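Chemist: Next up is a structure, given as structure tokens.
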Amino acid sequence: MYTQFFGLSEPPFSISPNPKYLYMSERHGEALAHLNYGLQDGGGFVLLTGEVGTGKTTVSRCLLQQLPTETEIAYILNPSLTERDLLAAICDEFQLPYDKDAGLKLLFDLIRDHLLANLAAGKRSVVLVDEAQHLLPGVLEQLRLLTNLETDEKKLLQVVLIGQPELQQMLRQPLLRQLAQRITARYHLLPLSHQDVDAYVRFRLQVAGCVQPIFTPKALQTLHRLSGGIPRLINLICDRALIAAFARGSHKIVHGDISLAAYEVSGIRDEGTWQSGLMVALAGALLVATGWWGWQFFGFFPERPVIKVEVPVKVDDTPEQQEQLTRAINQALEPDSAMQNLYKVWGYQTELEEATCDNAPRAGLRCQEGDASLAELQALQHPALISLTDETGGIYYATLVNLGPDKANLLIGNQSWQVDRQWLSDFWGGSYTLLWRMPKGGVALIGNNAGATQVQWLDNALSRALQQPDRKVRRFDAELKNKLQQFQREQGLNPDGIAGSNTLLRLNVMAGEPMPKLEDESQRASTPATPDTMNDEPMVTLSEEAS
């Protein structure tokens, strides 16, 4: 309908998968690199998660195309299966004949024999499960049992799980802890940034034959805001916006076209009216002198030095303090305030709804989620958002800012608490979310193909951490790889010679990068990194006996 009007060979924003419209953003590239590394490492499970429409299937298709030709793949698209159905589906994908009445053991044995035959023939075997958040715990356990099949040197089967964020929550269940421990690579795919949305739209238009910029800058800003950076929503909104512009006879897509299209697609009404725009402009004129204008655009105050304040006064355990804890818990039943406190510890004042992992790259940070023991979390040396269990089994959230041999400091709601380390161990389930500083260029993976800026940063950081002299370097050479592997071995990491998120996170600490640290406050020359908004609050002490 509108293609000829805009000089297009075909509709550029169809939601049907088409390889020629494949746009790999930096985040999609990172996800693909992590999955490839996990499969090359020979581990049991590789995990990719992301919200609906962020491009998980796009990444999985690229992964399948990049696998060696000697790889046999079982692609499971309908994971709403029983344990037997799963094994039967894998047999179907591997083209293994079986009797329709075959039970679990027979199907399992068929798959085992086939995996052994593939190994003898020099082939790799991979099972890829899409929409894996729909798998039942028993089915996930059956997959784990399949990955138990191994020789002295390698596993016979690797499994790629792709799903929505609920999959991460599922894997934190105690009954699935053995499976979670076998995940050798994981990546959470975030929505596109504003810059990526701009590039994504231009790319799809160019593929369809349009070389002129037909979306105005304001339209692209509105598109990013109303789509949330979700590629599927971007496609739907852009398609409707092209229709709207065509209907009014304009060759330019403007802010109003995007707003109308977004409302038609998702029912989201754009609150960015002229009245609110005027208020922002007036507020900006008043606040620019104090540096708050950046918050209007980015959701954060400008970066400040890491906040360090005086240790609050400790209070003895009393029934009143137990009641105070109950009140604090009631204000911390959602993770929002704990995440906001985590940003404050890093020196960023942000609105509650802006304090999310998705917004971390705006501040030059990355989110990392995982499971660990207290000792493992302490080794990471980063303050973290943690979930705790109260005496009734309910979940609440806190920010861990200090961790010593006997005590820990928490922020629960708007109050500081000191707890026994054993108390924390008893009531913490092991999951955490932390923020860490990205290297220059905003990348979370530095390897052979890294640019000169990232390579120089990595070499400088390794030199400081290993107490070696600095040098000039522009490419990822053998000396840099050796230094990186030495650092990884010293830190108990896999010495793969690739600086992924775990390596970069440890490197930030060892290289002395400016950051808040999760260290024992008794070892500090200064005082713990606690938000300055809590200066006047006394620290409440809670012992294990009091719990």
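Note that the numbers count up from 1, one per residue, in the order the chain is shown.
Quick reminder: no glycine exception, Cβ is built from N, Cα and C everywhere.
As listed in Swiss-Prot for this protein:
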type	residues	note
BINDING	Gly50, Glu51, Val52, Gly53, Thr54, Gly55, Lys56, Thr57	ATP binding site
REGION	512-547	region 'Disordered'
COMPBIAS	524-533	compositional bias 'Polar residues'
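Burial and contacts for the listed features, if you can.
Modeler: For Thr54 (ATP binding site), the count of additional Cβ atoms within 10 Å of its Cβ stands at 25 [all protein chains shown]. Reduced to three states, the DSSP call for Thr54 (ATP binding site) is coil.
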Chemist: Cβ-Cβ under 8 Å from Glu51 (ATP binding site), same chain, 6 or more residues apart: which ones?
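Modeler: When sequence neighbours closer than 6 are ignored, Glu51 (ATP binding site) has Gln164, Pro165, Leu189, Pro191, Ile230 within Cβ distance under 8 Å.
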Chemist: Taking 10 A as the limit, how many CB atoms besides its own sit near the CB of Gly50 (ATP binding site)?
Modeler: 24
Chemist: When neighbour density is defined as the number of other C-beta atoms within 10 angstroms of a residue's C-beta, which of the binding-site residues Gly53, Gly55 has the lowest density?
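Modeler: Among the binding-site residues Gly53, Gly55, the sparsest Cβ neighbourhood within 10 Å belongs to Gly53.
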Chemist: Using a Cβ cut-off under 8 Å and a sequence separation of 6 or more, which residues in the same chain sit near Lys56 (ATP binding site)?
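Modeler: For Lys56 (ATP binding site), the qualifying residues are Leu48, Thr49, Gly50, Asp130, Ile162, Gly163, Leu189.
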Chemist: Out of Val52, Thr57, give me whichever of these binding-site residues has the highest number of other Cβ atoms within 10 Å.
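Modeler: Per the Cβ count, the most surrounded site is Thr57.
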